[in-house]
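Report on one structure; see the data block that follows.
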Amino acid sequence: MSRHEAEFLQRLRAAFLVEARDHLLAIGTGLLALEKGASLAERGTQLEVVFRHTHSLKGAARAASFPRIESICQAVEEIFAICKRRGRVLLAPHFDVLHRAFDLVGSYVDAGGHLEPGASPDAGTAVLGELQAIIRGDPGVESATPPLLPASGDLPPAGEALVTSESHGGIRGPRPAITETVRVQTPRLDRVLLAAEELLTVKQAQGELADELQQLEARFGVWSKRWLAAQPALRQLRGLATAQEAVAAAPAARTLEFLEWSYGYVRSLESAVRALARSAARGGHLASRQIDELLEDSKSLLMLPFSALTETLPKLVRDLARDQGKKVDLEVSGENVQLDKRMVELLRDPLIHLVRNALDHGIEPPARRKAAGKADRATLTIRARLLHGNQVGIEVVDDGAGLDPQRLRQAAVRSGVVSEDSAGQLDEGQVLELAFRSDVSTSPIITEISGRGLGLAIVREQVEKLGGRIEVENRAPHGACFSIVLPQSMTTLRGLFVEAGGQVFVIPSAHVERVTRVLPAGLKTVGRHETVTIDGQVVPVARLHQLLEIPASAPPGALLPAVLVGGGQQRLALLVEEVLHDEEVLVKRLQRPLVRIRNVAGATVQASGKPIPILNVADLIKSARGNGRQETRVAVAGAEGRALALRVLLAEDSITSRLLLKGILESAGCEVKAVADGVEAFTALRSEAFDLLVSDIEMPRLNGFDLTARVRADRKLADLPVVLVTALSRREDRERGIDVGANAYIAKGSFDQRELLEAVRRLAVTREPT
């Protein structure tokens, strides 16, 4: 292949990878619609859409020389052709195979069209075998793929997760193609937006110039008053100059002449300044309007609909629901609400955490829902809406069991977050806040999905980094609602300018509930904290200069300016020296070495070049509560270089796995004794002291399930933490692990050494090392 041909193929493949993602999104959406179990006519329409996109993807893969992708698409296309020609329908096992096939294609695309690092080269062969089994009508590789059935009217849903949107009765088909478009690399658009945002400084400078000219014009008014006041003295001076002899009167006459000239000169300056001030004001208004329009147009280039966040969730909900044996309807609304592209990218993980949390902790299995008088199918609702002040509200609502305050208290005590006495004194709002603390988890077992006590803590941390806040409303036994409020854009915000300690600070308006004034006599001390009653509610009070550890510049007056920030259980009245004004500002994120400063989220720069700190309201509330030192999630040992210092018994019959797990644990500072089966493990536990048991399940003589059961039945060993690390990843196996008393269940198929060490660290928190 010549160099020219190689360069052309490289460009062709780059274009294919972009196009492939569009096809995969449309195919995934169409498969979920087919799986919903609609009428024959609707199934035919959706089948045609998916068929067309699969065919296009196959052709593009052939042109770009990606044979693996082409082969999978060819097999899927044959299945769809059978469904079209013979009127066959797809059942749940068929959809499982099709989803696996396109998941594999997606992994190829993400890896540049090749196998992902560490992926099995046999994965494509296995998937092709399952697809061929469907085509032949064979039972399939694991006897789980029945032959295609003839269509016979409406069928019940094939899958366990359905999706609806506010504008359609079911899953949307692929969005219509947008005409007259051109592909532009997003970094170029980022530079355009950055340049437009920098014009905010120009707008601010123009406004300051107009203000200064108006102030200068006002000073001429002061001069005019003084000139009029001096007129009687000037008349006397003229009289004296006239009465005196010419020689004596000459200095007075020259003085009067100069004063008259000065009067005319100052009046001309006044007129010039007045004209300049008006011109500057007009120019400022014009520049402000044009800069605002340019900024809005530039922002719109990088705004994405909320659907960009939710488009992958139907597949996630479907897979999690099937894996856990639950039935879930996913409803999405507000998909056209616009968000900053950078906001969308950073919100993706928090939203996935909330969805996983709802399915794993909130939504009950069908049998338990029926016993509680609920429909066996749960509903998970995700909605977005625009709020005042260029803010966006996102809600994740489920109709599951809700949060159990008592279990949260127990989990917090168990993990050492609060003492047992303190936990008993917390009200429900304070208890619900524990759900956002790291290391607090109500899950009975640690799995690859949950149980580490990190999910909601990570969600809050990320939301607060974006300048937002998150709250939870417990609706037990009818579910829970997690509400997120965020600015619509990351780089500009509306801010309230305040003064404290003689310095100016910006409080994001999204966190400001109201501005008021309080009387010093209205402040009450409760414990070690001041409070004030606002609208009948007792709110904690903090002086901003004290939180920022700077001296006050002036004694407090008769009325104290107060800014009420936060919301729900997280409210705080900030006392400041003066409330100045509010305006839209350009946010400058902190750079190294100032990446993280307590109470400061970033800065904005005045036209003069002086930086003004933008305050982090979440940090201020934590500082006011006395825990200003940021709660940091303890990373796995090794990542921080901090040894676990535990004695661990490892039971694993595979020599390779035993060496691998032993090395991982020892590298983290653990002392490890390794044995080959459950019998040896139980013998060692009876004769020696250990802090933790890590065990495989499938072992000779005594398997991991039975070993765990024996440990729990032994009075001396009953409290020993047990971690099962196994190749068994089915839901039934995890449930059996919970039943026998395992504390953590880690599947080798998705094994990550950080998951193992994190589980070990968490389970060792409440246990003194031997």
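Glycine too: its Cβ is placed from the backbone N, Cα and C atoms.
The domain 'HPt' annotation in TrEMBL covers 5-112.
Per TrEMBL, the feature domain 'Histidine kinase' maps to 291-490.
What TrEMBL records for 492-626 is domain 'CheW-like'.
According to TrEMBL, the domain 'Response regulatory' annotation covers 647-763. According to DSSP, the domain 'Response regulatory' (647-763) comprises 57 helix, 23 strand, 37 coil.
What TrEMBL records for His55 is phosphohistidine. The number of other CB atoms found within 10 A of the CB of His55 (phosphohistidine), across every protein chain shown, is 17. According to DSSP, His55 (phosphohistidine) is assigned to a helical segment.
Positions annotated as 4-aspartylphosphate by TrEMBL: Asp696. The Cβ of Asp696 (4-aspartylphosphate) lies under 8 Å from the Cβ of Ala651, Glu652, Asp653, Ser654, Ser657, Gly704, Leu724, Val725, Thr726, each of which sits 6+ residues away along the same chain.
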Recorded stretch, among 5-112, 291-490, 492-626, maximising Cβ pairs under 8 Å relative to the domain 'Response regulatory' (647-763): 291-490
PLDDT averaged over the residues of the domain 'HPt' (5-112): 83
Counts of helix, strand and coil residues, the domain 'CheW-like' (492-626), according to DSSP: 18 helix, 74 strand, 43 coil
